[in-house]
Amino acid sequence: MNLNNFSIEFPIHKQNHKFIIGKGGANIKKIRHETNTKIDLPAEKRESDVIVIRGRKEDVLAAKETILAIQEELNNVFIQEITIPAKFHSSIIGTKGRLIDSVTEECGGVFIKFPPGGMGGDKVSICGRKEDVLKAKKRLLEISNELQLAEITAEIKANPEQYKFLIGRNGVNIKKVCKKTGARISFPNENDNDKNIITITGKKEEVKAAKAELSRLIEQLQNTAELIMEIDPEHHRYFVARGAEVLKQISNDYGGVTASFPQKDSNSSKVVLKGDKDFLEGAKKRLKEIVENLEAMVAVECIIPQEHHRTVLGTKGSKVQNIQRQYNVTIKFPDRERAEDLEGEDETNRRDIIIIKGLQENCETAAKALKDSVPIIVEMEVPYDLHRFIIGQKGKDIRCLMETCDVNITIPPQDAQSNIITLKGSPENIIEVKKLLKERIEQLELEKHDKLLRSFQLTVEVDPQYHSKIIGRKGAVISKIRKDHNVQISFPEQDSASDTVITITGNEKDAEAAKKTILKLVQEQEDMYKEEISIDRRVHSRIIGKEGLSVLKIMDKFNVDIRFPRSSDRVDSVVIQGAEDYVLYAKNHLFDLEEEYLSRKKKFERRKERRKEGNFK
């Protein structure tokens, strides 16, 4: 019998299934996990209320007991609705729900549900144990009464014609006042007898602040006036172009005065100014000044060959836009016409004419700026051997220079071996790029000279037996010499014909100093006491050890240098070098090791021989 096949079925009220399942299945998952059972509930659309549990008997019974306990708790739930005016809901809930959370905690964890925001409902639901629900009901009604007693109402008079300005488009203005003060503001409707009264409701401080803000706005509106002036329709486009940039600037400069121009095709010259009385005349005067400037504007022709227009315009017209802003002019380039559409020389020249409109003086300076941006071609001498450094890796440096100065740079092909490079751009940019190129050439020439100085080479002959001492352990000694003297030091290849020659490369003075340091090291080695002893070559590898670690330990212990012959030499001689006393101690130690290794070898060979004899018998 399988102990895990026990199952049980029992009914649970259908309305309680969702609470047993929990949000996102949290409750049922927890019961399954804690009891190690499989629990099946009927689908929501089915009428069945039977729950099935499978698993080990004791686990199934535990799961059933847990579910029944939930149902019993749900059966004790008491629900009641109370009426609280919707205007107090947000105050009762409190900032980030803190006030309602404290009520919930105080009243045994009851569930309090307010109608969704903006729905305007007054019904609030309380759910939980009966005594807790009644306690929460009492507390909520107390808070509601306190809020109602604390609320006051005030009135303010205004001309109904001003309401649309106070309210604003889509209520934006009045919403801003309500949000800022926390008060509620009601305008009269068509059924009210007195259309001039605006009602403000809220706490004393909120009502006071809202009334002051409305009074300020009403006073502004009372000081608002309209003024009509004449502007020739020919100039209207200037004011409304580029997102009404000119009108926005006037509004900013003159207290928010607005200017309304007639419809595009109306041919009317009437322009309506609206705003604070104190600023209207100033705004009108400014508009007249602009019109006078527009009427004083002239059109100047600037002739630049069409082939240069793209360069003069700049990326997406950026260069011309800058000139227009700087000199307060408008610049119009000719349309790119097909050759067959043009007849005669005059027509052909028409493609080169750029029209500049503005004040005479501004047009002339703008024309000069345009002509100054026409590219010129200049040759510059750059030594051929420096070209690759000017270009940089994969052309990176030359591209950067061209982008920075907005100049095209042409380097001659490598096989031409020419010193002349070509620069194409505006005169101003050519001057800048030439300056940068000269600085780069000077830098490269200095580097070239320095490299030449550092290419000095000398050699020093040193007996190969001292090479390891000059190199040092893990290259420590030679690395220090290279760093101290800023030189390169090369040792000969092993077994090469000139295996005594060490090459030093660098500045002459540094190379000589490095040579002196090396010779000093050699002299120190030669001045040391040296003794050659005979050690059976069969034990050399044992004394040296893996990667020379064993012999290094011996050298460190006795502060001596020990040199073994090459394995190919097949000789027994070993050289010990150092202070005389230390050499003696090291020598005796090596003899001891030799004796020990040879003794072991003899014993091993005798045992091997005896095994052979035993096998033979």
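The backbone N, Cα and C atoms fix where each Cβ goes, glycine too.
TrEMBL assigns the feature coiled coil to one of the listed ranges (40-71, 200-231, 552-583), namely 200-231. For the domain 'K Homology' (4-72), residue counts in helix, strand and coil come to 39 helix, 15 strand, 15 coil, using DSSP. Residues of the same chain lying 6 or more positions beyond the ends of the coiled coil (200-231) and with a Cβ under 8 Å from any Cβ of it are 87, 150-156, 158-159, 162, 165-166, 173, 177-178, 180-186, 239, 261, 269-278, 280-281, 284, 287-288, 291.
Mean pLDDT of the predicted structure over the domain 'K Homology' (296-375): 82.
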